[in-house]
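Listed in Swiss-Prot for this protein:
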type     : residues                                                      : note
BINDING  : W401, G458, S459, T460, G461, A462, G463, K464, T465, Q493    : ATP 1 binding site
BINDING  : Y1221, G1246, R1247, T1248, G1249, A1250, G1251, K1252, S1253 : ATP 2 binding site
COMPBIAS : 1451-1463                                                     : compositional bias 'Basic residues'
COMPBIAS : 1472-1482                                                     : compositional bias 'Acidic residues'
DOMAIN   : 81-365                                                        : domain 'ABC transmembrane type-1 1'
DOMAIN   : 423-646                                                       : domain 'ABC transporter 1'
DOMAIN   : 860-1156                                                      : domain 'ABC transmembrane type-1 2'
DOMAIN   : 1212-1445                                                     : domain 'ABC transporter 2'
LIPID    : C524                                                          : S-palmitoyl cysteine
LIPID    : C1397                                                         : S-palmitoyl cysteine
REGION   : 1450-1482                                                     : region 'Disordered'
TOPO_DOM : 99-122                                                        : topological domain 'Extracellular'
TOPO_DOM : 217-222                                                       : topological domain 'Extracellular'
TOPO_DOM : 320-339                                                       : topological domain 'Extracellular'
TOPO_DOM : 881-919                                                       : topological domain 'Extracellular'
TOPO_DOM : 1118-1131                                                     : topological domain 'Extracellular'
TRANSMEM : 78-98                                                         : transmembrane segment
TRANSMEM : 123-146                                                       : transmembrane segment
TRANSMEM : 196-216                                                       : transmembrane segment
TRANSMEM : 223-243                                                       : transmembrane segment
TRANSMEM : 299-319                                                       : transmembrane segment
TRANSMEM : 340-358                                                       : transmembrane segment
TRANSMEM : 860-880                                                       : transmembrane segment
TRANSMEM : 920-940                                                       : transmembrane segment
TRANSMEM : 992-1012                                                      : transmembrane segment
TRANSMEM : 1015-1035                                                     : transmembrane segment
TRANSMEM : 1097-1117                                                     : transmembrane segment
TRANSMEM : 1132-1152                                                     : transmembrane segment
Amino acid sequence: MQRSPLEKASVFSKLFFSWTRPILRKGYRQRLELSDIYQIPSADSADNLSEKLEREWDRELASKKNPKLINALRRCFFWRFMFYGILLYLGEVTKAVQPLLLGRIIASYDPDNKVERSIAIYLGIGLCLLFIVRTLLLHPAIFGLHHIGMQMRIAMFSLIYKKILKLSSRVLDKISIGQLVSLLSNNLNKFDEGLALAHFVWIAPLQVTLLMGLLWELLQASAFCGLGFLIVLALVQAGLGRMMMKYRDQRAGKINERLVITSEMIENIQSVKAYCWEEAMEKMIENLRQTELKLTRKAAYVRYFNSSAFFFSGFFVVFLSVLPYALIKGIILRKIFTTISFCIVLRMAVTRQFPWAVQTWYDSLGAINKIQDFLQKQEYKTLEYNLTTTEVVMENVTAFWEEGIGELFEKAKQNNDNRKISNGDNSLFFSNLALLGAPVLKDINFKIERGQLLAVAGSTGAGKTSLLMMIMGELEPSEGKIKHSGRISFCSQFSWIMPGTIKENIIFGVSYDEYRYRSVIKACQLEEDISKFAEKDNIVLGEGGITLSGGQRARISLARAVYKDADLYLLDSPFGYLDVLTEKEIFESCVCKLMANKTRILVTSKMEHLKKADKILILHEGSSYFYGTFSELQNLRPDFSSKLMGFDSFDQFSAERRNSILTETLRRFSLEGDAAVSRNETKKQSFKQTGEIGEKRKNSILNPINSIRKFSVVQKTPLPMNGIDEEDSEEPVERRLSLVPDSEQGEAILPRSNVFNTGPTFQGRRRQSVLNLMTHSVNQGQNIHRKTAASTRKMSLAPQANLTEMDIYSRRLSQESSLEISEEINEEYLKECFCDDVENIPAVTTWNTYLRYLAVNKSLSLVLIWCLVIFLAEVAISLAVLLLLDKSPRYSKGNGTASGNGSSAVIITSTSSYYLFYIYVGVADTLLALGFFRGLPLVHTLITVSKILHHRMLHSVLRAPMSTLNMLKAGGILNRFSKDIAILDDLLPLTIFDFVQLLLIVIGAVAVVSVLQPYIFLATVPVIAAFVILRGYFLHTSQQLKQLESEGRSPIFTHLVTSLKGLWTLRAFGRQPYFETLFHKALNLHTANWFLYLSTLRWFQMRIEMIFVVFFIAVTFISILTTGEGEGTVGIILTLAMNIMGTLQWAVNSSIDVDSLMRSVSRVFKFIDMPTEEGRSTKSIKPSKDCQLSKVMIFENLHVKKDDIWPSGGQMTVKDLTARYIDSGNAILENISFSISPGQRVGLLGRTGAGKSTLLSAFLRLLNTEGDIQIDGVSWDSITLQQWRKAFGVIPQKVFIFSGTFRKNLDPYEQWSDQEIWKVADEVGLRSVIEQFPGKLDFVLVDGGYVLSHGHKQLMCLARSVLSKAKILLLDEPSAHLDPITYQIIRRTLKQAFADCTVILCEHRIEAMLECQRFLVIEENKVRQYDSIQKLLSEKSLFRQAISPSDRMKLFPRRNSSKHKSRSPITALKEETEEEVQETRL
């Protein structure tokens, strides 16, 4: 960044904002980059501002029982705030004084007033000077107030972030991420621009008092008639505002529903295309859009009336003020013009400035109170440790997650001791405690010596992570004692990657030691990965390490924990995303050898780890089920250990399967498990299979696929239970992860639409607490096409050389946390870490965009012509009035009456030509109430245009090829449907209306002035030319600065969420100061852009006003010097010229707003112009209930005989198939050729990333493909894409359940009757599940069907395939996380319902693969082998490597017995448990 010219700028340059000229010039000539932005002044740095406010807040906390944040803010900013307020007031006073001078100038043209005529020129100079003074006072004052507002926001941003890092886990459990984002964006945005309006809460009343005093002098009591009308108008506007909010609240729920479905569609677009559901999804979304648009129109109409009321009020205010006085006493002409000028100022003060100021104070004080409450939340307490302690001891420890339970426990215990109450009372006390919440850990005891390994095992929700949290001090024990040295290192269950390089992630602020670093890299198997990157370990990782695989992230997290020199290492399931061989090697080399002399606590469920541990602690429902050695486990719990050992390949199971088996075993053998379960508990568990509610609702804030929902989900049907998920959670079900009331769930939890342009946004579905965010994994299943070849680790299954035994920790490092962070952090690096893709849109909206926008709906052009016709009619009326004035005698005393002092005065009477003249002045102010006949059709039509654009964009996205969609971020696509459509619906119609309204007022006023005094037209031409040139000059830079500012917001919120995700790691490593510094750097980056935007905006506003001041000076002196005796002419010219001043500036700002908002239209057009998938029929196939063919999803084909249906057998022939993700990309699959006989089952084999799932996608033509595939003799080139895809039934790896009823999810086209759906539900074992829910098939699933287990969701997919009657079934790891029961159901259904179908299976379970007749082995993008299992096992192959010799002995007899045509019977559950899973995930 460049040094700011502001630092060396002169007073003159600062006053006129001339120091911004270099950046304006550069922005006009070329595209601005981040390096072009100026550094912020030191006074605006987040460090200084936060330190200042933090000092005052600490002082407030120390001095008072009831601290107020507003007092701390007052001590920091009050005097500057008041100084600029006084400047603002003085600027506003000049507006009140201007009409006085105008009246004197008009009076000087009275033929009998010769005295004042001589000083008219001086009065004109005085009037012009008032405009100059107002310009010099107003702009510095407004800029100063914006600047203070910015500083207040920065200081509070920083204070809140520091508080977040200190919050206790119990508090984090009750705060949703949406609430934090809202706190930082919604509330604090009010300070930035709102502060300039705050002073009008006292300025406006003073202004009104002054104006009423001056009007009283002119009109006496009748002046209050106009004021009364304005007050009534303000109240009406307030009422309309409330009505508008009511409509908008109703509409928010509808928008929410639409965006939920849209986001689910975008997340699962591949499944939507595979199922051919494009039309069904489009119809569903369009139906929701229709309901939303009805409310949008109502809100827009109310807003329109509210806005236009201001424009139309001017005539009535003057009319009501003057008429009573004129009827009673008559009135001279100059009083009319003076009154008009006063009323213009009065109208602005009463109907705009004061209501806005009150709203600003209301919002700001509300925001300050919210922040104040947040800053007083309970903080994380650092436990006291004894550094000399070498052992880790836990004695009788009990803990609760619920806030206050522990304190309650202590208090009640003290009461027990004091009062020595009886046993009966004691039991009463404990029963009361149980009502408050169940303990997450109960009576835990263990002791481990230095250098020992403690393995902690237990089923899901047993309290394993909570145990580690308690050792770290994150969870306070309610009773018991914990003892350890306090020097802790921690590896989280869900790997957390901070933005930065691999090296920085591993070192994490600890001083660098080359030998130690290399040892850790080697032990964690990272050498091969790092060597593949061009930048090695200096490669910058994006948000959440998105470019890495799950295994790479896990190993970097482990390396970070191991690198730190600590006494105690807490490893929370660190091997979850590693394949079996890598896990074994890392466990041996790292945990057992490298860390041999360190105390380690490892959370695991692997038998191999339990055998090697010095001590084992098995938890069940928060209690210690067993503590001792492995041999003691076998002796004391023989049933339990033999049961686990009975699973021959327990270690080979995935973590989810091991947890499932462990849960069942613990349930069977625990003492508590034998007790009878109450009826209520049974009912509560009825949705769960083997204790699982299902796949945990992943709060993937940092994942661009799943982090795109901006609105909370509205639950239509009340759930019969609190859906707290268990599957991956480490806390028991009793723990409530979010205590936000249900009534709040309809709120949109995100800031206004202008807060984010790009970058991450936050989902609010069933508000997740921050603690829940920390204990959920980021979705690791990133599509492989999103990773570059360099960043995808090809896992080698070959054993690597064993590390020599070493203990690198003997090399004690120098003081920790010694990383120097005061140095300047590269902003480009920050941008690379945090920011989303920069949009490729021109700096200024092109004319082509405007023309396309006009052409969207023919009615829009007609409405604009209609507006022009009305405008011409208004001008014609105006000219007719002028003609009447010209022909009437100018000072007809016959129509007047003598005033008291004998001088000739112009009196208004009903017959006077001046009455017409007066009417015209009112007409000129409002141009005959412009809008009711013009504005309403315009607003209505613009909303219709928005409707059409949304429809076209949705259609285009659904029809776009996957190669195009893969290049876009899901969050970016949803932004078009949320933010940009909201702009098209809400902001654009009213902004265009305002601009048209203001522009016509200005043109009308200029036309009138020019007709009255032709010389003024000569002054108008250069002014309009200057305005157009200046606007174009400024617009280039301002739009780029706004874009950069918008991008600058992204790092702030991304860093916030990144910090929350890794908060436990941050605290364990003590890196809070480092992350505060990073946050301040991100804030400073945004501030630099925002401050420069504010400065250039003020430069532009001041230049516009200076041009108008010059114009007004020209008009004044032309009028004074060239007009003969005609006070009416001078009056109307000067009155309109003064009115033009404010109106034209408003029109200029509106034109800039229109240009800015039209960028959203440009982005929408960009999506509408996306290419469509090749081969799609122009006439889409509409399913019909009556049509039997569409009902069974089979189509007549020209290549097949009329009597046949296609496909009939399911024979597939693949010839030279090559697949790419994008046209110019590398081939993912090359020259694949093979054939499959009808009804044959083929298994796909290959390591992770070999291309198995890619091949299935290629069959569905979801990729760019070359070559040919034929099904039953019909080539894919000869039929439409939709017909081709409907030949396949699909069970994808990523299950797609959208928000809707069971019926809609199974049959979105509504083709099948209830009986047919129930029949299929019976076949796949879903009936019992669906019948448990109220409404059965009509029960509404939300949040991706989180109330269903992963197994139930797979059964839903299976049911869809059965209903489709497809002849070819594609299965992509259907049993990845299934419990044994659901897996048996799927196997049975595949054998029965798809007995005659061709099945292509990609699977990791060996037993499942044995059902296949042939296997296709894919290596290095090509087919290596295509044979039967016997041949594959007899040769050296990947399949042979994956199966141990003992397994081969078992498998051959079974395989030989199933060679015959009749397939083997379904394996029983007992047999199923003896299977082996070959886990090859990274």
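Using the three backbone atoms N, Cα and C, a Cβ is placed for every residue, glycine included.
Under the DSSP three-state reduction, T465 (ATP 1 binding site) is assigned to helix. Residue density at S1253 (ATP 2 binding site): 20 other Cβ atoms are found within 10 A of its Cβ, drawing on all protein chains shown.
According to DSSP, S1253 (ATP 2 binding site) is assigned to a helical segment. The binding-site residues considered are W401, Y1221; of these, Y1221 has the fewest other C-beta atoms within 10 angstroms of its C-beta. Across the structure, W401 (ATP 1 binding site) and G1251 (ATP 2 binding site) are spaced 45 Å apart at their Cα atoms.
Only sequence-distant pairs (6 or more apart) were considered; of these, at least three Cβ pairs between the transmembrane segment (1015-1035) and the transmembrane segment (1132-1152) are under 8 A, so the stretches are in contact. Note: G1251 (ATP 2 binding site) has non-local neighbours A1219, I1228, L1229, I1418, N1421, i.e. same-chain residues 6+ apart with C-beta under 8 A of its own C-beta.
Separation of the C-alpha atoms of C524 (S-palmitoyl cysteine) and S459 (ATP 1 binding site): 27 Å, rounded to the nearest whole number. For the transmembrane segment (340-358), the list of distant contacts is 95-96, 98-99, 102, 197-201, 203-205, 207-208, 211-212, 214-215, 218, 226-227, 230-231, 233-234, 237-238, 310, 313-314, 317-318, 321, 921-922, 925, 1135, 1138-1139, 1142: same-chain residues at least six beyond its ends, Cβ to Cβ under 8 Å. Two recorded stretches are said to be in contact when at least 3 C-beta pairs lie under 8 angstroms, sequence spacing 6 or more; the transmembrane segment (299-319) and the transmembrane segment (223-243) meet this definition.
In terms of C-beta pairs under 8 Å, the stretch of 78-98, 123-146, 223-243, 860-880, 1097-1117 lying closest in packing to the transmembrane segment (196-216) is 78-98. Helix first, then strand, then coil: DSSP counts for the topological domain 'Extracellular' (217-222) stand at 6 helix, 0 strand, 0 coil. Simply put, out of 860-880, 992-1012, 1097-1117, 1097-1117 has the most Cβ pairs sitting under 8 Å from the transmembrane segment (123-146).
Sorting the topological domain 'Extracellular' (320-339) by DSSP state (H, G, I as helix; E, B as strand; all else coil) yields 17 helix, 0 strand, 3 coil.
According to its DSSP assignment, W401 (ATP 1 binding site) is coil. Ranked by Cα separation from S459 (ATP 1 binding site), the recorded positions Y1221, S1253, C1397 are led by S1253. Recorded residues T465 (ATP 1 binding site) and S1253 (ATP 2 binding site) have their alpha carbons 34 Å apart, per Cα-Cα distance.
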